[in-house]
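Input: a single structure, listed below in structure tokens.
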Amino acid sequence: MSVKKSPEELKKIFEKYAAKEGDPDQLSKEELKLLIQNELPALLKGSSSIDDLFKELDKNGDGEVSFEEFQVLVKKISQ
């Protein structure tokens, strides 16, 4: 996934993975892992683990990542 996608395209990618289990508007840790493995594999080559990344993105501590929280990752990797 290129981060140069439109907001609508990013939302569709997010929703595709969020719909796999539980709340279709939130990514679980497993859904985030699948999204990164399939769409952003270069992130896994860095020093960040999925657990660390998930903790960083889950700003409200509810155990899931909302689209707004996911956008933090998109902004981070597009810089």
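Even glycines carry a Cβ here, placed using N, Cα and C.
These numbers come from a predicted model, not from an experiment.
According to Swiss-Prot, the feature Ca(2+) 1 binding site maps to Gln26, Glu31, an assignment based on a curator's inference. Sequence annotations record features per position, and here Swiss-Prot assigns Ca(2+) 2 binding site to Asp58, Asn60, Asp62, Glu64, Glu69 based on sequence analysis. According to Swiss-Prot, the feature domain 'EF-hand 1' maps to 13-48. Residues annotated as domain 'EF-hand 2' in Swiss-Prot, with sequence analysis given as evidence: 45-79. Positions annotated as N-acetylserine by Swiss-Prot: Ser2.
Positions of Swiss-Prot features highlighted on the structure.
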residue: Gln26; record: Ca(2+) 1 binding site; Cβ neighbours (10 Å): 20
residue: Glu31; record: Ca(2+) 1 binding site; Cβ neighbours (10 Å): 21
residue: Asp58; record: Ca(2+) 2 binding site; Cβ neighbours (10 Å): 18
residue: Asn60; record: Ca(2+) 2 binding site; Cβ neighbours (10 Å): 10
residue: Asp62; record: Ca(2+) 2 binding site; Cβ neighbours (10 Å): 11
residue: Glu64; record: Ca(2+) 2 binding site; Cβ neighbours (10 Å): 20
residue: Glu69; record: Ca(2+) 2 binding site; Cβ neighbours (10 Å): 19
* Structure fact -> Rounding to whole Å, the Cα atoms of Glu64 (Ca(2+) 2 binding site) and Gln26 (Ca(2+) 1 binding site) are apart by 6
* **Overall pLDDT for the domain 'EF-hand 2' (45-79), taken as the rounded mean** => 86
* 8 Å Cβ shell about Asp58, Asn60, Asp62, Glu64, Glu69 centroid, Ca(2+) 2 site members excluded -> Gln26, Leu57, Lys59, Gly61, Gly63, Val65, Ser66
* Structure fact -> Expressed in Å to no decimal places, the gap between the Cα atoms of Asp62 (Ca(2+) 2 binding site) and Gln26 (Ca(2+) 1 binding site) is 10
